[in-house]
Ligand code: DGL
């Protein structure tokens, strides 16, 4: 019999650590109140999959996570992955920003060992909670050799998603996580089954590592609509090194906002056009002359992940062509 893998489960809070007054409270409950060991105690079956250790790194809703939280999680995970006695890591996390933490790890960790970020849409106390099965599945995925070398994963609702693509796309349903090109695979009865692999570069194939990284450049996001006033947009751009402008449709910019964004770019702010549709490609030099304005485009990335990608890219330089290449490669 082969030895069971050693999996570290890191708790950070969220609904998976939540508790409601009654079983009918599927959406109204307290978040981040159960310790990671209390959550793990609900799935003794997971001990058949792996040797488990746990630690409580944070205990807060993921809507509170800022760049410092991401760096703290990333540095801790990088640290434990370097240990011989750790074969994989599971991070329990609120679902609101799970895709951001997962993508940040996907771009910065330097290891082939599986890292799985998992949450739940209903707390363990609720009727038909997804907490126990999601966590069991996440441990199964982290413990399985087929999960090595494919970057950070998000497991939910029996699906395995790549951190690059997954987004939370529903506020309350169990079927909340969507990858525009589909999940990488499924988990069934404690065994992952993969049907495709991430095609964009990640982990060992990125230039970014968390070693010595003390902070991230300030990149902000502005949501575009016709009634957005130029002074409101200018104030968001005022102190940013980068600005993700979430335009309508194909990254369109209302005519009365063009001069504000062009002025920001002239001042050295890296302006990136994104789309508020949540799907599709924003084509460079498509609806706007990006080359002429010195603007960038996100390719197909959603604004919240484009923010992280640009922030990491800016840690290594600010040449426009190099920054644009990052959006095409990762
Ligand atoms: N407070 C939210 C969060 O931590 C709860 C959402 C959830 O975990 O499903 O992201």
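Backbone N, Cα and C define each Cβ position, glycine as well.
Source: prediction; values computed, not measured.
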Of the residues 62, 125, 128, only one is listed by TrEMBL in the substrate site with 95, 96. Which is it?
62
Within 10 Å of the Cβ of residue 95 (substrate binding site), how many other Cβ atoms can you find? Include all protein chains, please.
25
Who sits close to residue 96 (substrate binding site): which same-chain residues at least 6 apart have their Cβ under 8 Å from its Cβ?
14, 61, 62, 63, 168
Since the record lists 15, 62 as recorded positions, which of them has the fewest other Cβ atoms within 10 Å of its Cβ?
62
What whole-number distance in angstrom separates the two most remote CA atoms of the substrate-binding residues 62, 95, 96?
7
In whole Å, note down how far the CA of residue 95 (substrate binding site) lies from the CA of residue 15 (active site, O-isoaspartyl threonine intermediate).
7
